[in-house]
Amino acid sequence: MKRIFSGVQPTGNLHLGNYLGAIRNWVQLQKDYESIFCVVDMHAITVWQDPAELTRTTREVTAAYIAAGIDPEACIIFHQSAVPGHAQLAWVFNCVARMGWLNRMTQFKEKAGKHKENASVGLFAYPDLMAADILLYKATHVPVGEDQKQHLELTRDIAQKFNNDFGREVFPITEPLILGTATRVMSLRDGSKKMSKSETSDFSRINLRDDADLIAQKIRKAKTDPEPLPSEIAGLENRPEAANLVGIFAALSDSTREAVLAEHGGQPFSAFKQSLTDLSVEVLGPMNAEMNRLLANPDEIDAILKRGAERAQAIAGPILDEVYETVGFLRP
Ligand code: TYM
């Protein structure tokens, strides 16, 4: 059986990187996989979150999933803290994963920065919770952007060590699915930096809740170079900003970078940016409208999350029982 699990943290603004690197791919995959999509609120609190804001962004990410085209009937959509097995399995994995493994995680180093001693223990143990998210459902595939690759390798290591330690094939060795032309969307202001929720300049990213005017302004101001667009991929070398905009265009139009360059090669950036704006507004506009509609009806969102949590629990419960029994925990 093929089952996918993936999630987004409800922190700050959802942006085009989250959409193109993850959510848009899920919409395609839901047809072929049993699909579980989580709003990972427990991951969010590894750095400080204002409580009211966390509640709001949990609903906002849920609305984005649905507005993007994830079918809450066919798929399971829920928030992490509603299924206690995530925390329970994460504890077992805290005891399986080694300090040395977690010490190598680049995301911890980036997020903790110079103030490592002051980072939360949760931020350090974050990848164990992520492994628990995935393996609590024995997910076989995990669709994510490129930045999550290292965490997924750790998930595989944890599954393997658990299976070896206990001499039982309890967990599958999960495959990452890093798909499409926008697996790493870069900042609009600096083609060497990832587009990110935490970047201070709002002009570095397109947020899923930006309106058409703001999208147009941000694309107009996006950093480029003075040369026109090349007609072939080789011409994008050492032009990170140009490569980024072409990758975004290809992903938004379900096309390839080659096809985009064949059509737009030779154009000055002013013309290409206008086409990219029109395309972005065409794709994001209806999503934005649906998100606004859903967010005006929080009861509808909460009902979807509640039903999703019940369905997730029905899968997770027996798997956690199997783990507890394997570990030797006396069952009441
Ligand atoms: P998060 O919330 O940072 O990002 C959610 C998804 O968006 C992708 N992404 C990007 N893709 C392309 N370009 C970008 N600039 C970009 N920025 C973000 C991420 O790769 C991700 O797929 N640890 C995860 C959340 C998580 C999770 C899980 C994911 C928790 N448990 C279990 C999969 C399975 C995270 O922080 O994603």
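The first residue you see is number 1, and the count goes up from there.
Keep in mind that glycine also has a Cβ here, set from the backbone N, Cα and C atoms.
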Additional site residue, Val170, Val185 [criterion: listed by TrEMBL with Gln9, Pro10, Thr11, Gly17, Asn18, Gly145, Glu146, Asp147, Lys194, Met195, Ser196, Lys197, Ser198 for ATP]: Val185
For Thr11 (ATP binding site), the number of other Cβ atoms found within 10 Å of its own Cβ: 20
When distances run from the Cα of Asp133 (L-tryptophan binding site) to each of the binding-site residues Gln9, Thr11, Glu146, Val185, Met195, the nearest one: Gln9
Neighbouring C-beta atoms (10 Å sphere around the C-beta of Glu146 (ATP binding site)): 14
Per-region confidence, the motif ''KMSKS' region' (194-198) (mean pLDDT, whole number): 92
Cβ-Cβ distance under 8 Å to Asn18 (ATP binding site), same chain, at least six residues away: Val8, Ala64, Gly145, Lys197, Leu208
Cβ packing number for Lys197 (ATP binding site), 10 Å threshold: 17
